[in-house]
Every structure is written in C-alpha cells, then in structure tokens.
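K.L.:
One structure, pasted below without further comment.
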Amino acid sequence: MSIKQDVQLCSKLMGKARSTVVLSGAGMSTASGIPDFRGPEGLYSGKNGPTMESIFELESFVENPAVFYDFYRRFLSVVDRATPTYTHRFLAAMERESLLFGIVTQNIDALHQKAGSRAVYEIHGSIWTSRCLHCGREYDYKTSKKMAFSNQTPYCSCRGLIKPDIVFFGEEVRHLRECMDMAKKSDLFLVLGSSLTVAPASYLPSMCHGTVIIVNKGNIPFTSSIVGPKTLLMNYDLDTFFSTLNEELKLPIR
Ligand code: CNA
C-alpha cells in the first residue's frame, strides 16, 4: 500500500470511530531532538554510553546514582530546549475537534502538554516532580533540576537519595486503571512511535475492541499477545504520515 492509501484508510477509520485513543512512545519525540531507546540512533543502540538497565534500574540507581544523574543532566538539557513535533500538534488539534479521547504516553518529556493536549496519561511518570527515597519529601522540577546540576547527586536534607518521579524498571506504572478503561472503551487505537516492548503499556492495544493502527518507522516485535487480528502496521515517519493525513482532514494546527 502507498502512503496515500494508508492515509485514506486511517482517515476513514477515524471518521467512523466513536472513541479514539493514542499510545505514544519515544519515536514521537525523535523529530524534536530527543533520542528514542530502540530506534537506529536510539539510546539502546550502544552508541550513547551505558545501557538503559544500568541507568533505569532502582537497585543500580541506589548503588550508583551518579550513572543515572549523568544521563539525566544530558536528557534535561535536550528536553528543556525541545519543541513539539507536527504529530504532537496534530493530536492536540484532534482533541480540540473532539476526535480524540485521550493519550497514554510512555514519554517523560511533556511535549504532548506543551503542544496543548489535555487528556494525557503519563504511564511512566514524569520529570516534573522528584522525591526523597527515604522520607518521601517532594521536590518541584525547578528545585530538583537545580540540585541535579549543582551537585553530582542530589540528596534530601534527611540525607536520603532524591529520585525523579519517572518509573524505573520493576516499579509500578502510573494511572494503569484509567489507561486500561480508556483502551477497553476505544474502538480505534493508534500506537505512535513505540516498539511495544515495555509492559504493561504494550498490552493496552489488545484491549481495544476495534482497529489498532501502529504508525512506526522500522520493525517492531509484532506478537499476537500484544495486538489483535484487526491490527494495521503502517511503516512511516510520524510527521510525514500525519501531515499527509491532514491534507485530507484539514484540522487547524497551532
Ligand atoms: P522505543 O523502544 O525507543 O521505540 C521507539 C520506536 O519509534 C522505534 O521502533 C523507532 O524505530 C520508532 N521511531 C523513531 N522515530 C520515529 C519517527 N520519527 N516516526 C515513526 N517512528 C519512529 O520507545 P518506547 O516508547 O516504545 O519504549 C518505551 C520507553 C522509552 C518508555 O519507558 C519511555 O519513557 C522511554 N523513552 C522516552 C523518551 C521521551 O520521553 N521522549 C525518550 C527515550 C526513551
């Protein structure tokens, strides 16, 4: 199928759908300059230093927080400068036009919110708050960022280690009940820029009772336990796909 045919099919399904839900992944933000994990230039590709496990596992973090904070300072420098992509802005326009029920995002970069989306569920947490692992004291973004940049590793006044409220491997995800409810009620589920390898987010598409459209550049491990028989895989760059789609839909993009 050509991109035009795929776009037409997507447009037709969007026109018919009563409840469309999006699951977004790191591929959503690569055009904003934030590397993904498993894409060709991703942080997992081995080109960018330590493995993700050594950075995002709680045990490794507690043992050697400097490895995480080293990565985190670089990540924040990129995220602070990043602006939403065409696709982020397209999804915000869909919501304004009542064509989108909600977004479950695995991203921690807040670009959906920067683009104007409101119904966003950050299933892997966010960088906007941090917490002392010992006494639970909460730190806002500005304070925790300042601490991360001025100290090698930020510690609380109680001497506990401070960790951003992003979900590490093995930790419980956020808003799972709401995300599952949305997925179960959806009749169109769009998976955008995700390799669908991180559970339980990867299981959400299989809860949709209608069509699942995966728009992702490059292959993903495509297993029937993750997505059902009514799944369409569209192998495109997101901004190319949605700007082509909007030639048909003509949603006002801000
Ligand atoms: P992933 O495993 O890195 O997969 C991303 C997928 O997107 C890959 O298959 C890429 O080929 C594909 N891709 C990259 N660029 C594009 C593009 N322009 N158009 C279409 N497809 C593209 O990322 P997942 O989100 O599936 O993995 C979940 C992890 C990644 C979550 O825990 C996130 O917190 C984590 N992550 C988030 C960010 C962020 O917040 N921006 C960045 C890096 C990793």
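Keep in mind that glycine also has a Cβ here, set from the backbone N, Cα and C atoms.
According to TrEMBL, the protein has these features:
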{"type": "DOMAIN", "residues": "1-252", "note": "domain 'Deacetylase sirtuin-type'"}
{"type": "ACT_SITE", "residues": "H124", "note": "active site, proton acceptor"}
{"type": "BINDING", "residues": "C132, C135, C156, C158", "note": "Zn(2+) binding site"}
K.L.:
How many Å separate the Cα atoms of C132 (Zn(2+) binding site) and H124 (active site, proton acceptor)?
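P.N.:
Taking the Cα atoms only, C132 (Zn(2+) binding site) lies 18 Å from H124 (active site, proton acceptor).
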K.L.:
Could you state the CA-to-CA distance between C156 (Zn(2+) binding site) and the residue listed as 'active site, proton acceptor' to the nearest Å?
P.N.:
23
K.L.:
Starting from the Cβ centroid of C132, C135, C156, C158, the recorded Zn(2+) site, name every other residue in that chain with its Cβ within 8 Å, sequence order please.
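P.N.:
The answer, listed by sequence position, is L133, H134, G136, R137, Y155, S157, R159, G160, I162.
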K.L.:
Using DSSP reduced to three states, classify C156 (Zn(2+) binding site) as helix, strand or coil.
P.N.:
coil
K.L.:
For the domain 'Deacetylase sirtuin-type' (1-252), report the average pLDDT of the model, please.
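P.N.:
PLDDT averaged over the stretch: 92.
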K.L.:
Within its own chain, what residues at least 6 apart in sequence put their Cβ under 8 Å from the Cβ of C135 (Zn(2+) binding site), listed in sequence order?
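P.N.:
The list for C135 (Zn(2+) binding site) reads C156, C158, G160, given in order along the sequence.
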K.L.:
Just jot down the residues in the same chain as the residue listed as 'active site, proton acceptor', at least 6 apart in sequence, with C-beta under 8 A of its C-beta; none if empty.
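P.N.:
Those within reach of the residue listed as 'active site, proton acceptor', by Cβ under 8 Å and sequence separation of 6 or more, are T105, Q106, N107, I108, I166, V167, V173, R174, V198, A201.
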K.L.:
Should we count any of the binding-site residues C132, C135, C156, C158 as near ligand 1, judged by a CB under 6 A from one of its atoms, and which?
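P.N.:
Cβ < 6 Å from ligand 1: none of the binding-site residues.
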